[in-house]
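Undergrad: Pasting a structure here, questions to come.
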Amino acid sequence: MIQVLLVTICLAVFPYQGSSIILESGNVNDYEVVYPRKVTALPKGAVQQKYEDAMQYEFTVNGEPVVLHLEKNKGLFSEDYSETHYSPDGREITTNPPVEDHCYYHGRIQNDADLTASISACDGLKGHFKLQGETYIIEPLKLPDSEAHAVFKYENVEKEDEAPKMCGVTQSNWESDESIKEDSQSNLTPAQQKYLNAKKYVKFFLVADHIMYLKYGRNLTTLRTRMFDTVNIVNQILQRINIHVALIGIEIWSKEDKIIVQSVPDVTLKLFATWRESVLLKRKNHDNAHLLTGINFNGPTAGLAYLGGICKPMYSAGIVQDHNKIHHLVAIAMAHEMGHNLGMDHDKDTCTCRAKACVMAGTLSCDASYLFSDCSRQEHRAFLIKNMPQCILKKPLKTDVVSPPVCGNYFVEVGEDCDCGSPATCRDPCCDAATCKLRQGAQCAEGLCCDQCRFKAAGTECRAATDECDMADLCTGRSAECTDRFQRNGQPCQNNNGYCYNRTCPTMNNQCIALFGPNAAVSQDACFQFNRQGNYYGYCRKEQNTKIACEPQNVKCGRLYCIDSSPAKKNPCNIIYSPNDEDKGMVLPGTKCADGMACNSNGQCVDVNRTY
């Protein structure tokens, strides 16, 4: 059995309180000096790691003893993590450095179950923790031949710019509070409930622009550490809504910027999102990317992101200004913008969390917390129910993982039976969190065919059919997995008004109802002739952002035209068009376009047997 190493470090408080000192976090007016003394007790035969899996720090703050428990953030990096920078002559240099034994930790104060600490132990101890509602920062003093560290309150750091920073999202066109409440509390379909219950992962890519490279002294290691410190906190914040953020790669524009980074945030966001879609996604598959920039945005803006953009090639992006020396404030801004990508709007005055300010507050203050408000949680849930973004459901298979397995990162890898997180957070009675092996007598730890650590009997229904294109799924009695079965693509459905396509029955009528409401229906054929125009209200596909007009036989595979029979809406040729998502309102692939014909993913009406 693998034993988790516990390291105890006593921090002796130096009998001195400083009045003012310049530290990495800025000019600090009041601080305490502490000296870490490390005491290690390795189990017999244990392998010494450079950075232990678990550590405990004991020290004194304002004369009161504090015990800080830390555990390595094992889910911080993805298994195929990569780093890219550029040589002086502009050559792209990409490496896959080992990241299993890293130095980034999450933690908590003893007798407080809430995770309130984020610490890096790479070069001394640097990070922050919360104690009795106050945010404290610890960092090395960098004195010659000394282990001295400073501990101080965030409020004692002199602020370079007292003007509060804000998010640039100002007009969301989001649903009303009532509709969100109805969506999140309404009866869910089996497919929606299955989606909500599934674990979710964001494979995250972070880019630093050239100004960041210059700002951190042209030192790749220093900038890399800044990026890691920031994402470590973002990961911790998003875990509160059951989103695991795995850093899949970083890129540093060390030679020059790959876009024109401007002080106008919406222009920079659009340029970055376009570069991500056209360049980065083709090079590195990921779910979401942000640009960390050293430029000062116009006004008080600290960041900007597309609302509800997650999983969309053009819109799963955000930009964040490196606006403060204290990285946890930059991390909160980044988590805020990712919150927008995940469907959350700004908090209103009526929104609450167990803190003075919640993550999605429109203004970033020194009271910023890691907590999402009741409104944010409701909006996020409603967004997931309505859109069910698929990319965040994907986690790697054992055979996909090429790096050594890391027990505790929530990914079941080669050599592991289960992975329920760290020993402190695991609540799975079937899984031994220390070894990632099943406990004695257990056959399984998770899966729809697993019940109280045992396989369900053969023939047990594990998933009901959701519609006529689905099939009831049965347990085999030999596995915890519930194999997903469904009707073959092309099977007629809904009284021959459609054909099954990837377990759904897409029809134009149902798509109109989803877009315009229960009184909507598909328009007459004449409306679809607009798809021969090749402009925003009528096209079949795009090539390099150019809209391609439909051929006559393909007009029903372009923009969807609907008629709304409501008294106030009598336009017979209604469409949905959004400049932020031009493909919204297009006829979905697999939709019936004629007898025996269905739309393919290229906007063509082809024989139903060739569509798939």
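Each residue, glycine too, has its Cβ placed from N, Cα and C.
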Undergrad: What does Swiss-Prot give as the disulfide partner of C351, choosing from C358, C366, C375?
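TA: Of the listed candidates, Swiss-Prot names C375 as the partner.
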Undergrad: From the list C430, C431, C436, C475, which cysteine is recorded by Swiss-Prot as disulfide-linked to C453?
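TA: Within the candidate set C430, C431, C436, C475, Swiss-Prot assigns the bond with C453 to C430.
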Undergrad: Would you mind checking which of C512, C527, C573, C599 shares a disulfide with C557 in Swiss-Prot?
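TA: Answer per Swiss-Prot: C599.
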Undergrad: Quick check for the class: what is the C-alpha distance, in angstrom and rounded, between E337 (active site) and D470 (Ca(2+) 2 binding site)?
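TA: About 37 Å separates the two Cα atoms.
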Undergrad: Out of E337, E416, which has the highest number of nearby Cβ atoms, where nearby means within 10 Å of its Cβ, if these are the recorded positions?
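TA: It comes out as E337.
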Undergrad: In this predicted model, what is the average pLDDT of the domain 'Peptidase M12B' (200-396)?
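TA: So the average pLDDT across the domain 'Peptidase M12B' (200-396) works out to 90.
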Undergrad: Would you mind reading off the Cα separation of E416 (Ca(2+) 1 binding site) from D484 (Ca(2+) 2 binding site), to the nearest angstrom?
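TA: Rounded to the nearest whole number, the Cα-Cα distance is 23 Å.
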Undergrad: Hey, for the Ca(2+) 2 site built from D470, M471, D473, D484, R485, who else sits with CB inside 8 A of the CB center?
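TA: Other same-chain residues near the Ca(2+) 2 site: R463, A465, A472, T483, F486, R503.
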Undergrad: Under the DSSP assignment, what numbers of helix, strand and coil residues are found in the domain 'Disintegrin' (404-489)?
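TA: Helix/strand/coil tally for the domain 'Disintegrin' (404-489): 0 helix, 15 strand, 71 coil.
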Undergrad: Just name the winner among H336, H346, R485 (the binding-site residues) by count of other CB atoms within 10 A of its CB.
TA: H336
